[in-house]
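As given in Swiss-Prot:
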- 63, 100, 217: divalent metal cation 1 binding site (BINDING)
- 64, 213, 217: divalent metal cation 2 binding site (BINDING)
């Protein structure tokens, strides 16, 4: 398939132009005009670039891209990364906030579905846009039972043992913790822990799961990969390169 067609599909499906973002969302580096195989990863890095080349991908789609608000200087690490992509004829496509907020394949929608809750209200306002979701489980469920569905997490167990109202804001989502407390959320799920969240959660009487920044944001690219396979009929592969952060 032609690169322009793949990019057009992704731009439209993810509504790339609907977000004011620090990330330059969309096609960041142009490579091969023909796309036979697409790799998906959380982060743009030399490790993910090399892994994409190793599986003979023509395009790499990531959540955390290479270009954030423009490139000031093409030297050092930036120079080596761009040089590798161009020499490998490997296209790089990034979707940051669009892949957090998407109701079908977004990180937060997928997190909620994994625990048995359908995303309902938009939640977690960031730069004027809500990028997460809140939801209600069908019945009050033990916090430990929910944790088993998501895998290892750092837990602040400051709320009720059984919860029904939940919310998710992946990645560095502690900015929405106050919003969660004010909204009566009983379990708030995010990625990266922040020191200030401890006493805020304790005083707010809320349970908090910290899945890790990486782990909370691999769901979106994995779900988008399945859509690309189904809708475009292109071979696709997920490159799991955890940061343990």
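Just so it is clear, glycine is given a Cβ too, placed from its N, Cα and C backbone atoms.
Note that the coordinates shown come from a computational prediction; the quantities given were computed from them, not determined experimentally.
Feature annotations (Swiss-Prot) mapped to structure.
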residue: 63; record: divalent metal cation 1 binding site; contacts (Cβ under 8 Å, 6+ apart): 42, 43, 94, 95, 96, 99, 107, 217, 220, 221
residue: 64; record: divalent metal cation 2 binding site; contacts (Cβ under 8 Å, 6+ apart): 23, 42, 43, 44, 94, 96, 217
residue: 100; record: divalent metal cation 1 binding site; contacts (Cβ under 8 Å, 6+ apart): 106, 107, 108, 131, 132, 169, 170, 171, 217, 220
residue: 213; record: divalent metal cation 2 binding site; contacts (Cβ under 8 Å, 6+ apart): 171, 172, 191, 192, 243, 245
Cβ neighbours of residue 217 (divalent metal cation 1 binding site) where a neighbour is any other Cβ within 10 Å: 26
